[in-house]
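Taken from TrEMBL as is:
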type     : residues                                                               : note
BINDING  : A:Leu12, A:Gly13, A:Ala14, A:Gly15, A:Ser16, A:Val17, A:Gly18, A:Ser19 : NADP(+) binding site
BINDING  : A:Lys106                                                               : NADPH binding site
BINDING  : A:Glu191                                                               : L-homoserine binding site
ACT_SITE : A:Lys206                                                               : active site, proton donor
DOMAIN   : A:355-435                                                              : domain 'ACT'
Protein chains: 2
Amino acid sequence: MTEYRTVRVALLGAGSVGSQVARLLLAHGDELAARSGARLELVGIAVRDIDAGRDVELPRELLTTDAESLVVGADIVIELIGGIEPARSLILQAIHAGADVVTGNKALLAAHGSELFDATEQVGAEIYYEAAVAAAIPIIRPLRDSLAGDNVQRILAIVNGSTNFILDRMDRFGDSMEDAQKTAFELGFLEADPTLDVDGYDAAQKATILASLAFHSTVPADGVYREGIADITPAQIDAARTAGYVIKLLAIAERITAADGTEGISARVYPALVAREHPLAAVHGGNNAVFVEAEAAGPLMFYGAGAGGVQTASAVLGDLVSAARRHIAGGPGLGESTHADLPLLPIGDVITKYQITLRVNDLQGVLAEVATTFANGGVSVETVEQTIDPEEGGTAFLVIGTHAAREHALQATVAALKASDVVNSVVSVLRVEGV
Amino acid sequence: MTEYRTVRVALLGAGSVGSQVARLLLAHGDELAARSGARLELVGIAVRDIDAGRDVELPRELLTTDAESLVVGADIVIELIGGIEPARSLILQAIHAGADVVTGNKALLAAHGSELFDATEQVGAEIYYEAAVAAAIPIIRPLRDSLAGDNVQRILAIVNGSTNFILDRMDRFGDSMEDAQKTAFELGFLEADPTLDVDGYDAAQKATILASLAFHSTVPADGVYREGIADITPAQIDAARTAGYVIKLLAIAERITAADGTEGISARVYPALVAREHPLAAVHGGNNAVFVEAEAAGPLMFYGAGAGGVQTASAVLGDLVSAARRHIAGGPGLGESTHADLPLLPIGDVITKYQITLRVNDLQGVLAEVATTFANGGVSVETVEQTIDPEEGGTAFLVIGTHAAREHALQATVAALKASDVVNSVVSVLRVEGV
């Protein structure tokens, strides 16, 4: 029988992910030892309340409320508490004590990633965070290692299962936004406070992490442009379907060149029109997918479950094995490479196609006037479709598809349309992605 | 400016992949240095003919016909010659000289993987082979690292772009097998000798590699069950469509339990029926996709281009950066873990569903007799559909869908059907996968 060196593992948090990590770690000890070259000894599990009810029964003698003491002496610390504090302090404490860290804490990485990565660099430690984006789907390691010899150009990602579930219900079952949210809540896809998901904050945190990693730069979380899905209407969903699109909340990280020639990064989150034939359009329910376009590799997609305790535990345990291998054999602890140091550019610099729906009076000359407004704004029109409003005589809808245009030109054009006498209202402005 | 240590890289082969690797390595030297921590010095490119025409112009002073001398003194050897010899000898020579190896040579890994991995283990070297399966799609690293804490149960993979292109043409454009192969050849998807692709040899090599890696065992290439697509007919494609399926050539690696209780691996390649809603059904043209089912992670899919010089070069360069990082910082050189040591089980032990099409005389009592044959064979019938043959009066087609059954029971049943008086012929036997 092989003698393995022991690696001491401290687990912080025993929620839906943490309890599954503990269960699998205790159940598959021999197998994990064979794969990592180390006996992974779970030295303790820090919880807020030892007597709290849990889905998984955990050995009582491992539970402690003293997270700080648990971190001391651990070789690897798994942080699954979530939120900023005390997670941040405990991770810094672990790093300074020489431990490697495994975390799924997207909020912390988005807000304080630089601080944590700088700390690891000082001591030669490493942070593993596959579980922070798209649960079990391997995306951090592919970006960091598999595509290390390539240049990522763009990432379009469905990284929030709740909003994908809601939009998918509206698209496939004709639900209203309210009903879709209600169903999502009942099935556990949505928290009691849906803000984090519905308003795109969760997706924006993941966009920050993906953009930083893909472009070897520090992307400040508060600079990520963000629109949620709260205002998406069944009418927009139907119109998208008619035009061959589906509406998806996308987290986007893209290398772009600003109008003034500056090379930089766009990181943004919004509901966008995606062509039905695009691989992302086939991502249903609570699933996640990350679509990566790289210079040499071309388009790649990574698909799977976007949430779930046991699914996310798979990613945590994969990181744990990597950390244990490194603990035994040594190896690269490069920290997070930010050598490219590209600036985050504002949304105005982004170039996409748009689909704009206007409500207009059905009068002669309206189309010419609208077309002139687009031309004056420097936005080139590709398609126009006019439909009479069946409910109100004398008015019509104009659906205008544009060629690729810069966001600031588009916004100025939309402002001009709103001020125009011939336009009753701007019903919908949606960006088209994946083209 | 950062001072980087120099890592000496020898490239063997300058075909469609090798020439792109050389081009990108020379063009992106600074960027690759920043990412790997090493200056990657291309010390030479071994070719058969220095004056051969190439898509990419390579510095003539780097070209040599003396591969053996080039290997001496290299830190990392990239082998892109393909085939067994001299690739095998050169790689062994490189390993014994202490170099790490990057290769895309699936034929060699399938046939001699154990020998190569044993050699690396002796000297603490490492073989990287992301490019050997599914070109640029990251699948080796996700299986080896990301899923290291999980248990893979099954892999269903479209890993041969040529056959996927052919079957996709037949399905979407109604091509005959002959026409589809002709188009595939004209567009460069098929070699002059199509045997390797069409008869499933290429997919079987990849199944060997995936099964070995996923199940931590040594899978002998010559034990992989293999059927090609040459006999697939437009009638089968149409019948599949009618029944809600698409026919895909799948490379399958699965953990199974034999009839006698033995735990083991099935590795097999055949054209199978895949439900239209399955993510693999949406993989069109020459693309590849690897669908992985793991115990904790659930279903995952990795999708992208399955071939192409520059796409495959992306995978090679990713491996090169990993190898260079390890060369600088040290680190895990675990070789290939085969600790699970599971046996490869024969096709007879596999359990799947089947769809069997029989041509029968349209007489009373035929269905009862056929049903009895299935029952005697221990194969449970799930669905039966009877259609009158429009071209020949008095005969009908019976399409029988079975419940999950073991292959040896199915084969015995098919033999009994062939011998039956009421069955004119067994028109088609296809397995159903992804359920």
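Placement of Cβ uses the backbone N, Cα and C atoms for every residue, glycine included.
Caution: TrEMBL annotation is automatic and unverified by curators.
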Exercise for the section: Whole-number Å only: compute the distance from the Cα of A:Ser19 (NADP(+) binding site) to the Cα of A:Glu191 (L-homoserine binding site). Expected result: 19
Problem - Averaged pLDDT, computed only over the residues in the domain 'ACT' (A:355-435) - result: 92
Completion exercise
Surrounding the recorded NADP(+) site, with Cβ no more than 8 Å from the Cβ centroid of A:Leu12, A:Gly13, A:Ala14, A:Gly15, A:Ser16, A:Val17, A:Gly18, A:Ser19 and those residues left out, we find A:Leu11, A:Gln20, A:Val21, A:Ala22, A:Leu80, A:Ile81, A:Gly309
Problem - In sequence order, the recorded positions (A:Lys106, A:Glu191, A:Lys206) whose C-alpha falls within 10 A of A:Val17 (NADP(+) binding site) - result: none
Handout entry: Local backbone state of A:Leu12 (NADP(+) binding site), from DSSP in three classes
Key = strand
Handout entry: Chain-internal residues near A:Gly18 (NADP(+) binding site), provided their CB is under 8 angstroms and they sit 6+ positions away
Key = A:Leu11, A:Leu12, A:Ile45, A:Ile78, A:Leu80
Exercise for the section: Consider the recorded positions A:Lys106, A:Glu191, A:Lys206 and say which one has the Cα lying nearest the Cα of A:Gly13 (NADP(+) binding site). Expected result: A:Lys106
Completion exercise
Whole-Å Cα distance, A:Glu191 (L-homoserine binding site) to the residue listed as 'active site, proton donor', is 18
Exercise for the section: List nothing but the one residue from A:Gly13, A:Gly15 whose Cβ has the fewest other Cβ atoms within 10 Å; the candidates are the binding-site residues. Expected result: A:Gly15
Exercise for the section: Please name which of the binding-site residues listed here, A:Ala14, A:Gly15, A:Ser16, A:Lys106, is nearest in space to A:Lys206 (active site, proton donor), Cα against Cα. Expected result: A:Lys106
Completion exercise
If you rank the recorded positions A:Lys106, A:Lys206 by how many other Cβ atoms lie within 10 Å of their Cβ, the lowest count goes to A:Lys106
Practice task
In whole Å, note down how far the CA of A:Lys106 (NADPH binding site) lies from the CA of A:Ala14 (NADP(+) binding site).
Solution key: 17
Problem - Rounded to the nearest Å - Cα separation of the residue listed as 'NADPH binding site' and A:Gly15 (NADP(+) binding site) - result: 16
Completion exercise
All chains considered, the count of other Cβ atoms within 10 Å of the Cβ of A:Ala14 (NADP(+) binding site) is 27
Fill in the blank from the handout: Cβ density check for A:Leu12 (NADP(+) binding site), other Cβ within 10 Å (all protein chains) comes to 27
Exercise for the section: Would you count the other CB atoms within 10 A of the CB of A:Val17 (NADP(+) binding site), including those on all shown protein chains? Expected result: 25
